[in-house]
Every structure is written in structure tokens, then in C-alpha cells.
Amino acid sequence: MTSAATPSPASRLTEPTTLRRLVALSLCVVVAGSSTPIPLYPIYRSQLQLDAFTMTVIFIVYVGAVLGALLLAPSLLRRLRNAYRLLLPGLGLAALGALLIAAEQGLAWLIVGRVLAGLGTGVVTTSANALMIELAPKGDVRHAAMVSTLSFGAGSAAGPIVSGVLLQLGWWPLVLPFVAVALAAVAGIAVLARQWRAYPGAAPGEIGARPSVAGAAPSPPKGDAAPIPWRVFFLCATVILTGWGLGASLMALGPYFGEALLGIDNYAVSGYAVSALVLGGTISQWFHRRASVRPALIRGCFVMALGLLCQGAGALGHWPWVVVLGMLVTAIGQGGALSCAAALLQQSAPPAHRARLVSWFYVAGYLGNLSPLLLGAISDTWSPGVAVGGFVLVCASLLCLVGWRVWRDARAPG
């Protein structure tokens, strides 16, 4: 046995497999930090004596920050030629935002903290997706998409669960989870800092195209001549728009609808049910990681639509058990639909446009996160039943349309 046969700890940190895991963890941490405050908003509202409009403003500035970062990050990525030079500042923004929220001294601190968290989430989402493709084994963009969506789903589920448990236990829920997020983000910066110089990145216009391992020459650029697959993009964007819109609506309004339509006045039960939906979707993504993309996407859309209809029927019929069954079915379909929509877009996008399309894909998801604003307005104007029924019918119809269109495209010759 020679010492040369055993790589040093420092050299292990530059291996593609290790880097891929570290980037996935970085994305998971940032998303968890963004979703951590969700169960804590009632506490902030009570302590700071905020009205509903102000709470809406806090939500909108966060989404606006994410959307701005997602729209600007692809251009920055092309200029920097090294995705780590975008990922590391994104982690820094997320850490700073988490610390500001942990040290919250009033409304301004909370708003600035959420803006920084949103900017960090958008920047890390774009750079992490590009790195996942560059580090994917054998350039497998589908594997990269699956890892990215799994990391995103795991972070979305972990944040509310951790803060909700700490809230029930009374273990500094307004401080401890955010300090943990900040420490994890700083640890990610420390571990990945070597890649700031060591990693060459892709050529301009080729972010998201796979170079070789760290230190090797990037793949030759293929140019910008390849057309953007707009039909595939809009189909995939519709999936994430409806999927994230459902998740955001359940997180924001689930406890309210649970009390108004089902008579469930325990907000903790409603919150855990929503987290279970997100976690179930993440588990479903894991089981779909090797499924054929188009068939799994078609199946996921129809299963998700069926689950939504079950939830709507249970809510309007005041049958909690039907709602629970519908949430389970929705989670199974959502996991397959979201992960395979991301994989189909990654596979179909030309390398020169891939980073931009992936960012736009997540922009559609965050636009879906604005659904609670529309649902709340409809509920106030008419009734919770009208809001739930209309939302279910629109989302189920869109998902069936996507499933049918992908099925037709798959059968088309050539």
C-alpha cells in the first residue's frame, strides 16, 4: 500500500462526485432557509403587530427578489465563466439573510432578511443547476435534473418541519433554525472556496454544457444557432407553475381552508399535513429518478390531476379523509411530474440556452407561488369553497392538457 493510492482529503474535495454532493447540499440548505419562516409567520405577525397587508408585502418582496435573481443570474453566469463564482456569493447572501432574521429587531430587519434570502435562493438555484450538469456522470443532464429537484424538494420540506418542531418544543424557534442555516451556508463557502480559481467553468454561452473534471479543458462551444424548444419549455413550465402553486397555496392558506371547510382548528395539524405533502413529493421524485422521462411525466400529470380533484371533492364535501387521500395521490403524481418536467427540459434545451431556460423554468415556479394572493382575494370576495373549487378545476385541466400534449408529441413520427 502506497500513500499515492489513497487520495488526500483535499483532493477528494475536487472529485466530481464529491463536488456534486456538496453543490446539492448547498442548494438544499439555501432552499431550507427560504422555507424555514413559513410556520413562524403567525409569531412575527403577533410580536410585531403586523396586519395582513404587511404580511403580504413580506411575501411579495421575497418572491420578487428570487425572480430578479433568476432572471439576472444566467447573464452573470455567462460573464463569469465559472459557476462557483456565482454559487459562493449566493451562499453568502443566504447566510447574511438568515442571520438578519435570527437577530430580527423589527419589520425592516425581517424584510431585508427575506430579500437577501430570496436573492441567495435565485442565485444558488441557477448556479447549482449549471454545476449539476457540468458535474453529472457522463454528462447525463437527466441525472442532473433529478438531483436538483430532489435537493429543492428536500430543502422545501426540511425548513418548515424543523422550524415547526422547534416551535412546538419552544427551543428558540425564531433564532436557532436560522443560525443553523447560516452556519451550513458558511461551511459550504469554506469547503467550496478552492473552486473559485481551480474550476475553469464553461465557455461563454455554454454554461450548463459539461466540461471535464475540475482542471480540464471545457467542451468546445456549439454556438447559439440551435433553436429554443419553446413548446417543451411551456409544457414543463406549466407543470412547475401548477405544482408549486399548489404547494404555496397549501402552505399559506391550508390552515385557513382546513378550518373553514373541514372544521380543523389545529393549525399545527394542517401545517404538518402540508409538510407531509412536500416530503411525499420528494420521496416520489426519488423513486422516479430512473423512470423513462416522457411516460413518467404523462403519468405524473394525470395522477396529480386526479389527486387534486380528490382534494377538491373532499374539501367541498367536508370529508377530511378524502382530502388526505387526495394529498397522498397528489404527492405521488407531483414528484414524478416535477422531476421529469425538469429532466425533459434539461434534455431538450441546447447547451447555449440551457442555463437561461432552467432559470425561466424556476421563474414559472415562483410565479406559481403567488397563487395564494389570488386565492385569498377570491375567498374574501366569494367564499373559500369557490376559491378551492376554481383552483382545483384550473390546475387539473392544465395538468391534463400537458399530459395529453406530451403523449401526442411522443407518438408523433420523427
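FYI, residue positions are counted from 1 along the chain as it appears here.
Including glycine, each Cβ sits where the backbone N, Cα and C put it.
TrEMBL: automatically predicted annotations, no manual curation.
Note that this is a predicted model, so its numbers are computed, not measured.
Taken together, the residues in the domain 'Major facilitator superfamily (MFS) profile' (12-411) have a mean pLDDT of 87 on the 0 to 100 scale. For 12-411, the entry in TrEMBL reads domain 'Major facilitator superfamily (MFS) profile'.
Through the fold, the transmembrane segment (22-40) approaches residues 13, 62, 66, 87, 90-91, 94, 97-98, 101, 114, 117-118, 120-121, 124-125, 128, 131-132, 135, 147-148, 150-152, 154-156, 158-160, 162-164, 167, 173-174, 177-178, 181-182, 184-185, 188, 191-192, 251, 271 of its own chain, all at least 6 residues removed from its boundaries and within a Cβ separation under 8 Å. As annotated by TrEMBL, transmembrane segment applies to 22-40 (among others).
The annotation transmembrane segment is assigned in TrEMBL to 52-72 (among others).
Under 8 Å from some Cβ of the transmembrane segment (84-103) lie the Cβ atoms of residues 23, 26, 29-30, 33-34, 36-37, 69, 73, 76-77, 109-110, 112-124, 126-128, 131, 174-175, 178-179, 181-182, 185-186, 188-189, 192-193, 195-196, 199, 201, all in the same chain and six or more residues away from its ends. If you look up TrEMBL, you'll see 84-103 (among others) marked as transmembrane segment.
If you look up TrEMBL, you'll see 109-132 (among others) marked as transmembrane segment.
According to TrEMBL, the feature transmembrane segment maps to 144-165 (among others).
For 171-193 (among others), the entry in TrEMBL reads transmembrane segment.
Residues or ranges marked as transmembrane segment in TrEMBL: 232-257 (among others).
The transmembrane segment annotation in TrEMBL covers 269-287 (among others).
Residues or ranges marked as transmembrane segment by TrEMBL: 296-316 (among others).
Among the features that TrEMBL reports, transmembrane segment is placed at 322-345 (among others).
Residues annotated as transmembrane segment in TrEMBL: 357-379 (among others).
According to TrEMBL, the feature transmembrane segment maps to 385-407 (among others).
Sequence-distant contacts of the transmembrane segment (171-193), counting only residues of its own chain at least 6 positions beyond either end whose CB sits under 8 Å from a CB of the stretch, comprise 13, 19, 22-23, 25-26, 29-30, 32-33, 36, 40, 43-44, 84, 87-88, 91-92, 94-96, 98-99, 101-102, 104, 120, 159, 162-163. Sequence-remote contacts of a segment are chain residues at least 6 beyond its ends whose Cβ falls under 8 Å from one of its Cβ atoms, and for the transmembrane segment (322-345) they are 141-142, 145-146, 148-150, 153, 232-233, 235-236, 239-240, 243, 246, 262, 273, 276-289, 291, 293-294, 296-297, 299-315, 357-358, 361, 399, 406. Among residues of the same chain six or more beyond the transmembrane segment (357-379), those with a C-beta under 8 A of the stretch's C-beta atoms are 56, 59-60, 63, 66-67, 70-71, 73-74, 122, 125-126, 129-130, 208, 228, 233, 236-238, 240-246, 248-249, 251-253, 256, 341-342, 345-346, 349, 386-388, 390-391. Panel annotation: around the transmembrane segment (144-165), residues 20, 24-25, 27-40, 125, 128-129, 132-133, 135-136, 173, 177, 180, 247, 251, 268, 271-272, 274-275, 278-279, 281-282, 285-286, 288-289, 335, 338-339, 342-343, 345-347 of the same chain, lying at least six beyond its termini, place a Cβ under 8 Å from a Cβ of the stretch.
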